[in-house]
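Noted in TrEMBL for the protein shown:
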- A:24-49: transmembrane segment (TRANSMEM)
- A:28-427: domain 'Oligosaccharyl transferase STT3 N-terminal' (DOMAIN)
- A:91-113: transmembrane segment (TRANSMEM)
- A:125-143: transmembrane segment (TRANSMEM)
- A:149-168: transmembrane segment (TRANSMEM)
- A:202-225: transmembrane segment (TRANSMEM)
- A:246-266: transmembrane segment (TRANSMEM)
- A:278-296: transmembrane segment (TRANSMEM)
- A:308-334: transmembrane segment (TRANSMEM)
- A:370-389: transmembrane segment (TRANSMEM)
- A:396-414: transmembrane segment (TRANSMEM)
- A:420-440: transmembrane segment (TRANSMEM)
- A:487-506: transmembrane segment (TRANSMEM)
- A:549-605: domain 'STT3/PglB/AglB core' (DOMAIN)
Amino acid sequence: MTTLAEPDLGNGRNKPIFNNTTGFSTLITVTVLLLAWLAGFASRLFAVIRFESIIHEFDPWFNYRSTAYMVQHGFYNFLNWFDERAWYPLGRIVGGTVYPGLMITSGSIHWLLHALNIPIHIRDICVFLAPVFSGLTAISTYLLTAELWSRGAGLFAACFIAIVPGYSSRSVAGSYDNEGIAIFALQLTYFLWLRSLKTGSVFWSICTAISYFYMVSAWGGYVFIINLIPLHVFALLIMGRFSQRLFVSYSVFYIVGLLLSMQIPFVGFQPIRTSEHMAASGVFALLMAVGALQYLHSLNPKGQWKKLLIVGGLMAAGLVFLMVVFLTYIGVIAPWSGRFYSLWDTAYAKIHIPIIASVSEHQPTTWSSFFFDLHVLVCTFPVGLWYCVKNINDERVFVTLYALSAVYFAGVMVRLMLTLTPVVCVLSGIAFSILLDLLLRDDDLPTAPVEPNDKNLYDKAGKVKKRAPEPTSQADFGLGMNVRSGALIAFMILLMLFSVHCTWATSNAYSSPSIVLASYGNDGSRKILDDFREAYGWLSQNTAEDARIMSWWDYGYQIAGMGNRTTLVDNNTWNNSHIALVGKAMASNETAAYDIMTMLDVDYVLVIFGGAIGYSGDDINKFIWMVRIAEGEHPKDIHEADYFTEKGEYRVDSEASKTMLNCLMYKLSYYRYDSGGSPPGYDRTRGALPGNRGFKLTYLEEAYTTEHWLVRIYRLFEMFITSVPTDSVVYDFLTVLAKRIENFMMIAAGCGSRLS
Amino acid sequence: MMPAMAQLQFCVLFLVYVATQCTSTNVDTVSSGINIKNVDRTIDISSQLVKITSKVTLENTGKSPVKNFLLAVEGTGKAKLAFIGTKDGNNKDLRNVETDVKGNDDAKFWRVDLKESINAGSTASVVVETVYTKALQPYPTSITQQEEQLVKYLGNLYFYSPYPVSSQKTNVILNTKAVETFTKVKPFLQLDGSISYGPYSNTAAFTEKELVVHYKNNSPFLTVTRLERLIEVSHWGNIAIEETIEVEHTGAKLKGPFSRYDYQQDHHSGPASVRSYKTLLPASASDVYYRDTNGNISTSNMRVKKDSVELDLRPRYPLFGGWRSHYTLGYNVPSYEYLYYSGNEYLLKMRAVDHVFDDMQIDELITKVILPEGTTNIKANFPFAVTRLPDSLHYTYLDTKGRPVITFTKTNIVENHIQDFQLRYSFPRILMLQEPLLVVGFLYTLFLCVIIYVRLDFSIHKSEHPHKD
């Protein structure tokens, strides 16, 4: 961090060598950005160093699998890919239900490297993609902040974003997810938007639209951009800051961006058909109206146009709003989706969509997690915000809106912390830059950063030599030497603590691959628990190629990615009724579950059981969500209350309810579980002795259990041939067949109704 | 990819190679002047392989000196035969060549050339070693987790030979007392871990009599179904070896459930399963990695010994009958131990296949040797008959025209096949400079471009630097 102070300090000293300051500050900028890239990259490698180069968690496995598919089969086959290994028996049209930006990015890197005969495996590209992009994010944040305030602030912001835990939580090596590249695209789009707004040039607007296109291809969070930029335009209109530059940049961006975004198969016609996107078109219409009125005004500046302008503008706004409401009412425009709606009403998901509420990262953010993810920045960013509001201009209106909306969204959902982090870094960068400006300015140094107005034609870097506007007033000059150095040291310590915290948080909280667990012995020795891969490896080698595995949806992507087997449900939770059916099977007793499982053609059932090693994220702990989701679709058969004790406790020991003790999930978790310390069969996760023990399974048999009991796989017995009179075999076969077909129709109808 | 000329040249070479392969099968006749005086045979069926060592005393009953003699393998065993080796009384290897005998199409013959011919009336002793794979049949074919594995050996009670045998003894080594049934032809004797038959006198040529032993055999029945061995030679001092291995437990299949509880509580549970095995690597092996498509397999140990590096490999899961596993094992060895040169001529001497586990059997071996870019005049010399596949090109870091790849394959491999092959090739040493120069040149151009770009102004018109605010 100390390097940042050098442009001001070092100028005089190094004058003999660097006789132009622009060259020197370019060098400093490039060096700092490179170092930020390096630091950001390095601090994300904990998982690779501690474990190995491996894809983490759940969603990244799907991304990796589809990237590998694309690399192997080509881009067009990827777009047309129908994945029959997922959502059995429905399958999934991957090309049309995925944001392909991530796969295309790593696919092109792979292609480029292989064209240069650099044989890097696609897995390693996927693993290291997010850390590499963190450097690009730092650079785009630098550009954005430099556009807003000054280059010094930009360097601060770049350094912050490179290591801040709120961003590295989603971009450590191996966390191959959309967010890794999306934040880069987000920052770049905002930078380009501000640049285009400033210059009013069509070129920059088109650049913004292209960057927006990349963002759309990469992450569903593009909706944030397409609402924030119109909001910015709208705010500017209200503030009376309409200009030709605004008119040109927004109309070009909106039209080109709209057309480009509709090229993504997954997005399709959504930008003109859904409420999430209506703000953008509404503002566009409004801008057109205001532009027309302005034009009329310019024809006759002396007329009574001012009033007309205001009234006409308001009327246009009202008209556009009513139009949207009307179109939504008659059904041309889809209303807000549940996910979007849950942003406004935090209790909405809990009541209506348990599947969204069941995901831990969709919970509201706690204060501690704000501090954990942003540390000192959470305190300094209001300072930057205040300075931006104080010295307002068109761009700073934008960053203010960005900050306010992002703070709201981050408060609603832990996951959206990610959108807050960049703006916090930008504003904190501004705050620190102002502070250092204040503290480091020598009273008696008139020669300090005076731009030599060199007209050196050969120096390209000279184009960007403009300095930040001095935001401080004359009153600041009264600070004494001691106060200055004291404050300086205090802030340096703060920054140091910040970087220590960032490294610590990234290393301890966000660098666990979660498919490989490590436990530490008393002597500090490390023991690796590799049960997940053990089980998936077993599945991939020792089951039939087309075997269908039933598990809770969390493990769907991993089974497909590592086990290479067909799953019923996975992390792409598009079909709630199908998930509810699996939940119902898990929550029913063995006989009822067997009917559901045969209906779904299940061959194996996989459950995660952490009782032997005390792993708390196992299926029994998630089970209550399975019950809730199942109850949502099958309220007649499943009742949440049945799974609690009479006092309303969730237990597994002998106090537990009968339904609980006899449901499939319980039985599969505790079947023949008699080991694990004393007393035998003790469940370490829940600290209880299971209530139902020594039972036998009728319809399933244990196929495999991993070394630490973490993953248990059961095989379904073949169709039970019940005592059927021989003469009615044919008839019986037909009825079974008819029942099968009926079941398929039911499932298909279920998914159809979901889709529409 | 390949230049047309080279392709043509290769095709011609290949045709010549195939032609020589075809003509090498000889036709012999059984000499009536040879009699086998005594055979002392040991059949070792304690592992998954059948290893038969026969000490044969040949007698020349004819008039003229005998320079060579024939070995025969019965028609039932010839498909399972993996290796046949012959040594003379001084433990020196004798050359054997596959041959045909008119009128005996069923059996398979080898002609063994003796170092010194046997004069009329005198004798010579020869040791014949044969190894059969998949000759032990699990019986029953599937067992539960707790059951012992029983296998059946079907062999020939007599030494199968084109010559009459005066006297013979056979000792079957089982290493177990648990024998269900075995062929009882007197005289025989069942000892602790073995059964001995004989001596039987005067058996005629080509005599076959079924020998069946049904016994407990819990030794690992592991088959490497496919092994791809990749040897990448670098003239910078390193040879990288990577083996992609598919393993299958080919013993009695697991019937019914697998119980982790039983497997954990009772160490005698799953007696036929394979928890781990040892792989021996060359003593100079370093940077060993052991992984599969899902990443590192963390359950392995490495011990560096004096003459080898011993790896204790544990598959991700224990292997029961019918279960499969696959992994990749790679390591580096310094090239000075395997690569010899004089001037621009190089000789690579490496093992065609290396140790995977004791008493291994490999169904299919594919060895690929990647030589440095610019290598020409490649001549290969193999210790046993292999099928050489068409050469190809491999592109890796900083390659421009690709590295030649020599590929050969062989089926049914056992430990006795761990032998060196030789590759002679020429490589102009000046080409070593190609890659560093490429890097230097690239960086030079890059910096040059940056310098030109920074120093010159390419803009069409001078921008005004419009200041904000």
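From the backbone N, Cα and C atoms, a Cβ is placed for every residue, glycine too.
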Notebook entry, point to check: Looking at the transmembrane segment (A:91-113) and the transmembrane segment (A:278-296), are there 3+ C-beta pairs under 8 A, with each pair at least 6 apart in sequence?
Noted result: no
Checklist line | Residues from the same chain, set at least six apart from the ends of the transmembrane segment (A:487-506), whose C-beta lies under 8 A from its own | finding: 1-2, 43-44, 46, 160, 163-165, 168-169, 172, 372-373, 375-377, 432, 435-436, 439-440
Note to self: With pairs fewer than 6 apart in sequence excluded, do the transmembrane segment (A:125-143) and the transmembrane segment (A:149-168) have three or more C-beta pairs that lie under 8 Å?
What the structure shows: yes
Checklist line | Remote residues contacting the transmembrane segment (A:308-334) - C-beta distance under 8 A, at least 6 residues beyond either end | finding: 237, 273-275, 278, 282, 285-286, 289-290, 293-294, 296-297
Notebook entry, point to check: Which bits of the chain, at least 6 residues beyond where the transmembrane segment (A:396-414) starts or stops, bring a Cβ under 8 A of a Cβ in it?
Noted result: 148, 190, 193-194, 197, 224, 228, 231-232, 235-236, 239, 241, 342-343, 346, 360-365, 369-370, 381, 385, 388-389, 420, 423-424, 426-427
Next item on the list: Could you give the residue numbers and ranges of same-chain residues that sit at least 6 residues beyond the transmembrane segment (A:420-440) on either side and whose C-beta is under 8 angstroms from one of its C-beta atoms?
Entry: 4-5, 8-9, 137, 141, 144-145, 148-150, 152-161, 164, 166-167, 183, 186-187, 373-374, 376-378, 380-385, 387-388, 399, 402-403, 406-407, 409-410, 468, 470-472, 476, 479, 484, 487-488, 491, 495
Check: Would you list the DSSP helix, strand and coil counts for the residues of the domain 'STT3/PglB/AglB core' (A:549-605)?
Finding: 33 helix, 7 strand, 17 coil
Note to self: Can you work out the mean pLDDT of the predicted model over the domain 'STT3/PglB/AglB core' (A:549-605)?
What the structure shows: 87
Check: Under an 8 Å Cβ to Cβ limit, what residues of the same chain, 6 or more beyond the ends of the transmembrane segment (A:278-296), are close to it?
Finding: 226-227, 229-231, 233-234, 237, 242, 246-247, 250-251, 254, 258, 271-272, 305, 308-309, 312-313, 316-317, 320-321, 324, 328, 333
Notebook entry, point to check: Which bits of the chain, at least 6 residues beyond where the transmembrane segment (A:202-225) starts or stops, bring a Cβ under 8 A of a Cβ in it?
Noted result: 99-102, 104-105, 178-179, 181-182, 185-186, 188-190, 192-193, 195-196, 248-250, 252-253, 256-257, 260-261, 263-264, 267, 276-277, 340, 405, 409, 418-419
Note to self: Which residues of the chain, 6 or more past the ends of the transmembrane segment (A:246-266), have a CB below 8 A from one of its CBs?
What the structure shows: 79, 95-100, 193, 196-197, 200-202, 204-206, 208-210, 212-213, 216-217, 222, 226, 229-230, 233, 236, 272, 280-281, 283-284, 287-288, 291, 394
